[in-house]
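**Student:** Here it is: the structure, laid out below.
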There are 2 protein chains.
Amino acid sequence: MAKMTPRTLSGFMELLPAPQQQMERIMEILRKTYSLYGFTPLDTPVIESSEVLLAKAGGETEKQIYRFQKGDSDLSLRFDLTVPLAKYVALHYNELSFPFRRYQIGKVYRGERAQRGRFREFYQADIDIIGDGKLDITNEAEIPSIIYQTFSTLGLKRFQIRVNNRKILNGFYAMLGLTEKSADVMRTVDKLDKIGPEKVKTILVEDFAVSESDADEILKFIAIKGSNAEVLTALEGYTGRNEMFDQGLSELNTVVKYLADFGVPAENFAVDLTIARGLDYYTGTVYETTLLDHPEIGSVCSGGRYDNLAEFYTDKQLPGVGISIGLTRLFYVLGEQGMLNPELPTAPADVLILPMTEDLSPAIALATQLRQAGIRTQLHCEQKKFKAKMSYADKLSIPYVIFLGEDEISVGVVACKDMKSGEQTKLNTQETIDRIKAGLAELEKGSVIVE
Amino acid sequence: MAKMTPRTLSGFMELLPAPQQQMERIMEILRKTYSLYGFTPLDTPVIESSEVLLAKAGGETEKQIYRFQKGDSDLSLRFDLTVPLAKYVALHYNELSFPFRRYQIGKVYRGERAQRGRFREFYQADIDIIGDGKLDITNEAEIPSIIYQTFSTLGLKRFQIRVNNRKILNGFYAMLGLTEKSADVMRTVDKLDKIGPEKVKTILVEDFAVSESDADEILKFIAIKGSNAEVLTALEGYTGRNEMFDQGLSELNTVVKYLADFGVPAENFAVDLTIARGLDYYTGTVYETTLLDHPEIGSVCSGGRYDNLAEFYTDKQLPGVGISIGLTRLFYVLGEQGMLNPELPTAPADVLILPMTEDLSPAIALATQLRQAGIRTQLHCEQKKFKAKMSYADKLSIPYVIFLGEDEISVGVVACKDMKSGEQTKLNTQETIDRIKAGLAELEKGSVIVE
């Protein structure tokens, strides 16, 4: 028979078993951490009606959409988890209680140009808190805590959550009479890290007709650096000139004030006036998270406050705040950087049992006992040589191998080899279980990510 | 602004938060149980190249495929998890160790006619064991154990795993010289429960030209009932006439022999000669699982042994055995039948903290402490009346509410109300944590499914 050459589409991550185990571990930590903060899991369809999904979209986004006809229906695959959330909240408004806190970890689809580290199918891990009409600033103050908890549970230490407030930026540009140009100005300022202050000034003056003195004011403003207290003090100097600015500064003060109570260490947090996060969606606090040793990766967790989640679907005012982790890309980058802890178990089983008797009953009964004790157990009953079976355990990094022969069965013990240390014990079943469990606890001690 | 009416496509399950929590709990149990048996998680793309995915498909399946163009690519959404597994194993053959045991819980897509309880996007939860060239019968004996463990951990008691062996059926039909008609005969016999033996006989004789005496033989054969021992003894009477039959019976004997060692109670297992599971894919043991009180649902977990997983992709002989749970449909049916335990917590949080002071620091610090203790905690800092906040906790079924006012803070206690009993305590933080944890353990005691 002619064979079809098997292949996986480019831009689609398909992991081998060992890295998949690491990915699962990360997802489990995300689910647990998000749950600790009172977020409920949601699972919306991957396919939506195009007219519903694309009610807001346009331009660059629309080009990337996987959109197709099925029968009479014009369908699209979701390209993020925010639009489906907006649809969900608008559709189920009467059945939800607000503030509505949900997390969703799911695949989204964007037909981007394929290149290394760019994915067309990728996981996003989102949390959002949606208010009905109003949403207290405390929610914005809580977000850095969730980011901190998530990344430190994963094992990261050298990361920084950078925070700004769009009201401060908008208020500042309003002071200069630059409100209409603020989108262009922010987009230019966003390039500061890449092109430097002089080039920024040139673009502001030449391309967007900002006056020399205003451009200097802008550069002076975004150059405000220092500890959080120093930045906040410097910002105090701008108060009393624009109401929006003052409100933004008050919000930023609140966010900073509660940091310690929320358990965020000062070194993992910075007020950073250069952060703007896109152009019109965000209206209050905005967040970016960078790995201090890998600034080239960019932000690994971003988001912010918005005033109107679902304006394309409902008249209800639904303000919210949310963040998103681009999980597939993050996982890829961590792998590239050698930051995934190779010491953590990635085997499909904790124990491989090699029955050495014709009658398999004792080996099967032992497997059943181990599983009842919560130990992931595989029986290896294939007709293969002993050496091949040991090599199988070795290749899969299965930490323990149990040999069960007539000798062991007759005296009621189990021969168990620790594959790492090479140490072999002959203990009864319960003692063997205890030893394996202690060993596994030791193996599981490390964090998923190492720096 | 004109609004787009939000809607979710028909045939796509989108759950409200409370049932979604129940679904998550089921998925967690599946992941844990499959892992206990040494299966490793996989996650293959939802989209595949059409020529790869449809290498085997045809007829009815092909019509249901979500297939579309994107740029120059002819793409399709996966319609099951078996074809992607075949592709995966053929593609990554050199990087895998065999037997290869994987589980995958993922969404698949079939554009079926929309009707109540039928889904176009639905989860399948599959396990498969793939051998390289050979695969021992012990794997087939282990499958009922996994089914039993899965469903009993979910809380089901009144279910039965029905097992047959295709070699027994094929061998039996070969004895009668009906090999060429065996597909038609099995398809007819499959209707036995619905149309009764007389109608089956009429179809066999009139539509498929089976002789009267052969038809009687067939009916007599599939009427073999009784305990496993009785059925196996009756089958002994047919041995010595066909090699394939004898091999099938020997396999079935092995499967039954190891049941008790694998921890499967006799009442949850039955040899059932009427089970055939489709036509040409399966070659050995086949499985169906029925809920004894809901036979109308049909099989909730099915599968079997096959000899050639990936023949469309590779020359390698890759025999395997696997089972699949149609999770979305099962969840829907359990809900319809009122079998989802309403007593289990479905709230987004275990505790809702209502700060009663202007300064939120003590409340936030308390939330941080509770979260560190593993308690899912939500702060409610919105500008709302006390009554509205209590009603929020009530609507979401949050089990504990904590009030933190000046009085409590000054004496170092926490006022905590058990929302179910109404009992309110004033204890210090650690004592409150202990009380909540004990209460939660009690709440979590039940199983997901109740009969």
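Cβ atoms are placed via backbone N, Cα and C, with glycine included.
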**Student:** TrEMBL has A:Asp80, A:Leu81, A:Thr82, A:Gln124, A:Asp128, A:Arg277, A:Tyr281, A:Tyr282 down as binding L-histidine; which of A:Arg67, A:Arg110, A:Arg113 does it also list for that site?
**Tutor:** A:Arg110
**Student:** Please classify the secondary structure at A:Asp80 (L-histidine binding site) using three-state DSSP.
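**Tutor:** Where A:Asp80 (L-histidine binding site) sits, the three-state DSSP reduction gives coil.
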**Student:** Rounded to a whole angstrom, what is the largest C-alpha distance between any two of the residues A:Asp80, A:Leu81, A:Thr82, A:Arg110, A:Gln124, A:Asp128, A:Arg277, A:Tyr281, A:Tyr282 that the record assigns to L-histidine?
**Tutor:** 22
**Student:** Do any residues at least six apart in sequence from A:Arg277 (L-histidine binding site), in the same chain, have a Cβ closer than 8 Å to its Cβ, and if so which, in order?
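**Tutor:** Result: A:Arg166, A:Val286, A:Tyr287, A:Glu288, A:Ser302, A:Gly303, A:Gly304.
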**Student:** With an 8 Å cut-off on Cβ-Cβ distance and a minimum sequence separation of at least 6, pull the same-chain contacts of A:Asp80 (L-histidine binding site), or say none.
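**Tutor:** When sequence neighbours closer than 6 are ignored, A:Asp80 (L-histidine binding site) has A:Val108, A:Gln124, A:Ser324 within Cβ distance under 8 Å.
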**Student:** For the binding-site residues A:Thr82, A:Gln124, which Cβ has the most other Cβ atoms within 10 Å, all shown protein chains included?
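**Tutor:** Ranked by Cβ atoms within 10 Å, first place goes to A:Thr82.
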